Structure formats: C-alpha cells, structure tokens
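As annotated by TrEMBL, transmembrane segment applies to 62-80, 92-113, 134-162, 220-239, 251-274, 294-319, 331-356, 390-415, 435-453, 465-489, 510-529, 549-570. Residues annotated as Na(+) binding site in TrEMBL: 68, 70, 71, 75, 305, 337, 402, 405, 406. As annotated by TrEMBL, disulfide bond applies to 174-184.
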C-alpha cells in the first residue's frame, strides 16, 4: 500500500481523525475544565506532529523487515540443536504450544503498542505505563549493546566469504601455516580429544588468532578490523534513509536466504547419510515431554527467536499506517519464523548426517550449536561436498543476509529513540538525520573493537551470555507486566479496536491476561534457578573479575527499570495506585470506543 512519494502523506484515517478533533473542539472544550481543555488542545497539536512521521512505502516492506529481524542466525544454529537435544520431533509439541500461547500474543501486543502510539519503545511505554517507563529505555540499551557485537558475526561471515573464492577452501587441509600439524585432523576427530579438525584450527588460529583467555587481549586483528568497518558501512548505507531505504533493501536480504536454504536442502538430501541425520533430528523421544526444562526451552526459544522485548518490533510497527492489519502480519511473521527454523533443521542435520557417514562417527559427536556450527562444522561439510566452491560463498552470503536484517532493526531502535525524544535538538547539531545514523553506527563500531582483538572471542561470549541470556528475561517480564497487567487488557483491546475496527478475540485476551504473563514469569524463575556462569567451549572458565564485568553488562540495561520507577514516583503526585492506573488517550475518533478517556488519561497522552 503506497502511502506517497515521500512516505509522509497524511492517511485518510488521520485526516478523518483530525476532522473529528476539529468538529468536536468547540463542544468538548466547553465541557472541560480549563486544565483539561488545554490538555485536549495539546493532544490535538501532538496528533498533528505525528503526521509527518516516516511510513513504510508498502505493507510488504514492513512484513519483510519483521520477518528478516525475527529470522536470524539463531534459526540456523540454535533451534536445530535445541530440537534434537530436547526430544527431537516430540519437542515440536511444546514448541508450537508456546508459540501460540506466548509468542504470537506477545508479538501482536508489541505491534499494537508500536502502531497505535506511532512511537518507539521508550516513549510508547512511557505513555502506557509511566511507572515502568524505564522498560522502554532498557529495551533500547539491550538492543544497542547486542548490535555492537552482533556485527562481529557479520565480520566473520565476510572473512569466510572472501576466503571462499580461493582456488581451494583454506579450511579443508592441515597443510597451512596456521595449522598445528601434530594435532590436526582433516575430518572430525571423534573421541580423539587431542585432535582438532582443520576447520576448527582455521577458525581458532587463522580467523581469530585466539589467545589463551580473556586476560590476554593480544592486540587487534587488523584484517577483522577492516571487515568490521565494511560490515558497519553496509549497515549504514542500508538504513541511513530510515524505513525508506530499509524497506527497499529487505526485498533482497529477507528473501534471498530462502532460495539458499531450499537449494541446500535439495542438495543435502541427496547425499549419503542425509536420511540418518534427518531421522536423528526428528526421532521423537516422548519421555522428554515429562521434563519441565524442555517446556521452558521451548518457551525461551520462541521468545528469543521472535525478538520480544528488544524494542525492534515496537519500533518497526510505529512506521505503519494507523489501520494496518497487524493481526494478519503477526501470524505471517510468527509462522514464517517457525517454518524457517524447521527447514533450517533439515538443512543442518542432513549435512551432519552426511559428515557422520563419511567419517564413520556418531551424529552426536558432530552436532553442536552456536558459532561453531556455522563457522566450523558447516565449512567442514563444504570441503567434502561436490561443487564446494559454489556452495560455500552462497552459504556465507545467506548468513550475511540473515544477520544484516536483524542488525538493521536493532540499530533502528536507537535511531528511533533519538528522533522521537530529541529530534529537533539533535538536528540542530547534526543538521541531517543521515548524520545521526552515522553517529549511531560509528559508536557501535567503536564498541565492537574489543571483539576483534585476539582475545575478542572471549569478550564476545561473555557479552552474549549476560546480554541475551541474563538481561533479556528481566526486561521481558517487566514489559509484559507493564502492558498486560498494569495498563490492562481492556485498554489494550480498545487500541486494537480503534485500529482494526474490532476487539481482539477471547483467545488473545486470555493469553494477555493470564497465560503469557505466567509463562514469562516461569521462564524468568527458571533462568534464575538454572543460572550458570559464562564459559567458552568445554574447558575455559572466566576469571572472577570477568564475571563481575558480565553482571555489569547486564545491569547497563536492567538498571533503567528501577531508575525510571524511582523518577516517576519522585516527580508525580498522587498515590501509587493512581500512578499505576494512568492510561493512554486514543488518537483516533474518540466516539468510536466504548469508553471516553478520562481527563487524567488525556493529560498522560500529552505529557512529555
């Protein structure tokens, strides 16, 4: 649905809303006290100010951007391993139950908040629940921290991509200067613990030039430094025009990985041993369904994969037309994400079965998750496959596309926060939004430099553990608490009704009110009781000071939740109950809802 040549055309619904404001202004303001009348005038002015917000050129751009963000590297390296370890095909039962009871309802909730308020997560959540306004800022912080090291994965992918064009793949033999010949194996070493595969040594000794621990930084890897610059330059030129440029890029980055996935699947299933790998992936172990941890793993996978509580979905939805059908988009994004995970599982385990067949090893000895799967196991697979010079570059281009889509969304969260809160002031300094985006990307690049030192892999693992594992579930719990329990399902339903013309059905209301909060709380409690310190590989444990740094990284995002609450309690008059009950004023025709907003909620909507 094209909005206009410059993406800033006022929609029909916005014009109608503004007309309703104008027609009722004389009547409504006469009935209000002077303070409330001024609040309504400010609400009207604020509504006009949002009309110039950028919008997606077409609905398809929003859908592709959301799918691109949700479908990331975790679908390739996390879900397949988690599925086979948690009961194989039996794991799909708790997975889809959690998808429909937690993932889909909470994604619909975030789309609703973003599209209705037309604000990023910080200002949207501040208007919805002032007491927990720090949750919005926390989501921006965690997304930005994540994007500073997520782009390092893109750096490694670029490194492998460039080396894929060599006459022979450099990780397929032990006859290189970086190989430790005495313990190098051209295949997977199996139970020979003193041996490493050639692909493992390429990753450790050539790509990373690893030191012995985080306490040994070892200096900057200048090749990776240059590629990190290139990775951030790609991100910048894809998002520097906002959703106008991102919306065009995702036509390629969100669709191309599917061509590669299906091409790899067709190729892999024809390889010897592929059938055994797929059966190993899917063979149900029904006894696993009796383990609580399997259900927790399913909920956590759904939650993390869709990207709840990172602020990105709220931010992207804020650029929609007000009456965009977000319910339809919610199902498209969620089901596409899950389908991709399952297809990726077939691709990965067909290849692992093939490798197990070649080296006469149990599949258990080869299956792994995390970066080791895509930068160690799969490169080893390519070295034995027919036409390896074709498949290797295509695979790493696919990884780049998967990662870049997620990176776009995480960086855009920070840009949206700056523009929503400080747009005019910042533009007085930077003059153009493109320079603001450049500043955000430049800072992200600088913060990513520690990860491309020779000890950078240890920094990467520490950051990932304490950001994506520890911090996220705290943020998720408080976001759900603020929106579904304090702001309330009734008000959330009114928002949906204003946009879609009808209230959400009973299923969504029950999930928002009871099931989703309980599931999120259960995941949080499980995460606390099953906390384990960060470690790299099977043997390296971090020193105490590094663990302290890790908890400090977690607090960088979490701390904004209590700070925001303290600030609100300090600056707002009234009882605690009155503050919790503050609402948001609808920005559409006020006569179309079942309950007119109170003067208090109007004042909330117009608060800075």
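Just so you know, glycine gets a Cβ as well, placed from its N, Cα and C.
Please treat TrEMBL annotations as automatic predictions, because they have not gone through curation.
Per-site Cβ counts within 10 Å over the binding-site residues 305, 406 peak at 406. Cα separation, residue 184 (disulfide bond) to residue 68 (Na(+) binding site), rounded: 38 Å.
If you look at the transmembrane segment (92-113) against the transmembrane segment (294-319), you find at least three C-beta pairs under 8 angstroms, all six or more positions apart, and that counts as contact.
Counting other CB atoms no more than 10 Å from each candidate's CB, the recorded positions 184, 402 peak at 402.
Taking every recorded stretch in 62-80, 220-239, 251-274, 465-489, 510-529 and counting its Cβ pairs under 8 Å to the transmembrane segment (435-453), the highest total belongs to 220-239. Within its own chain, the transmembrane segment (134-162) has Cβ neighbours under 8 Å at 73, 120-126, 207, 223-224, 227-228, 230-232, 234-235, 309-312, 314, 371, 375, 379, 392-393, 396-397, 399-400, 403-404, 406-407, 409-411, 413-414, 417, 444-445, 447-448, 451-452, 456, 459-460, 463-464, 467-468, 471-472, 475, 478-479, 482, 553, 556-565, 567, counting only residues six or more beyond its boundaries. Of the chain residues outside the Na(+) site list 68, 70, 71, 75, 305, 337, 402, 405, 406, 67, 69, 72, 74, 307, 340 have their Cβ within 8 Å of the site's Cβ mean position. Taking only the Cα positions, the spacing between residue 305 (Na(+) binding site) and residue 174 (disulfide bond) is 37 angstrom. Using a Cβ-Cβ cut-off under 8 Å and counting only residues 6 or more beyond its ends in the same chain, the transmembrane segment (510-529) has close neighbours at 98, 101-102, 105-106, 109, 292-293, 296, 299-300, 303, 469-470, 473-474, 476-477, 480-481, 484-485, 489, 492. Around residue 174 (disulfide bond), the C-beta neighbours below 8 angstroms that are at least 6 residues distant in the chain are 181, 184, 185, 186, 198, 201.
Across the candidate stretches 62-80, 294-319, 331-356, 465-489, the maximum count of CB pairs under 8 A to the transmembrane segment (251-274) is reached by 331-356. Sequence-distant neighbours of residue 68 (Na(+) binding site) (same chain, six or more apart, CB under 8 Å from its CB) are 250, 253, 254, 401, 402, 405, 406, 408, 409, listed in sequence order. Here the transmembrane segment (294-319) has Cβ contacts under 8 Å with residues 53-56, 62, 65-66, 69-70, 72, 74-75, 78-79, 82, 86-87, 91, 94-95, 97-99, 102-103, 106-107, 110-115, 117-122, 124, 136, 139-140, 142-143, 146, 243, 288, 326, 333-334, 337-338, 341, 406, 409-410, 412-413, 416, 468, 472-473, 475-476, 479, 519-520, 522-523, 526-527 of the same chain, all six or more residues outside its ends.
Over all protein chains present, the Cβ of residue 71 (Na(+) binding site) has 29 other Cβ atoms lying within 10 Å. Outside the transmembrane segment (390-415), and at least 6 residues removed from its termini, the chain residues within Cβ reach (under 8 Å) are 65, 67-69, 71-73, 75-76, 120-121, 139-140, 143-144, 146-147, 150-151, 153-154, 157-158, 160-161, 164-165, 169, 234-235, 238-239, 242-243, 246, 249-250, 252-254, 256-257, 260-261, 263-264, 267, 307, 310-312, 315-316, 374, 378-379, 382, 433, 436-437, 440-441, 444.
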